[in-house]
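For reference, the structure is listed below as structure tokens.
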Amino acid sequence: MSKATNFYLFVLLGVFVALVRTEDEKPPNLTRVPSGLSFSCDGKKPGYYADQQMECQVYHVCTPDNEHAVLLCGPGTIFNQKHLVCDFPSNYACADAAKDADDANAHAFEVKVSPTPVP
């Protein structure tokens, strides 16, 4: 093969790898919370829970009063279960959400009261 042919093959391979990698890293880009979600707070401790069925772009809040709220991360982001924030997919693996939930929610809704200083 000539140097020119090798060069073109190398460029095409690079473009292919870049396209495949970009496609793998894209989260869903929802603009509203979808209907028909199956998540339930029943049996869960109060806290924040990534919805893995929605690729972590949707997350749920289960309150101590047994209320349930559904929230959506912005386009291009997913819910980082470890830090309880919306984050870039390159910073968190949605597949880890279930195992990270208990530790992340251990102190959710906990109110810390500072002692009154004594003069």
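Backbone N, Cα and C define each Cβ position, glycine as well.
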- Could you identify, going by Swiss-Prot, the member of CYS62, CYS73 that forms a disulphide bond with CYS86? CYS73
- Message: Which one is it: of the disulfide-bonded residues CYS73, CYS86, which Cβ has the fewest other Cβ atoms within 10 Å in this structure?
- Response: CYS86
- Over the domain 'Chitin-binding type-2' (38-96) the mean pLDDT stands at 96
- Which of the three DSSP states, helix, strand or coil, fits CYS86 (disulfide bond)? strand
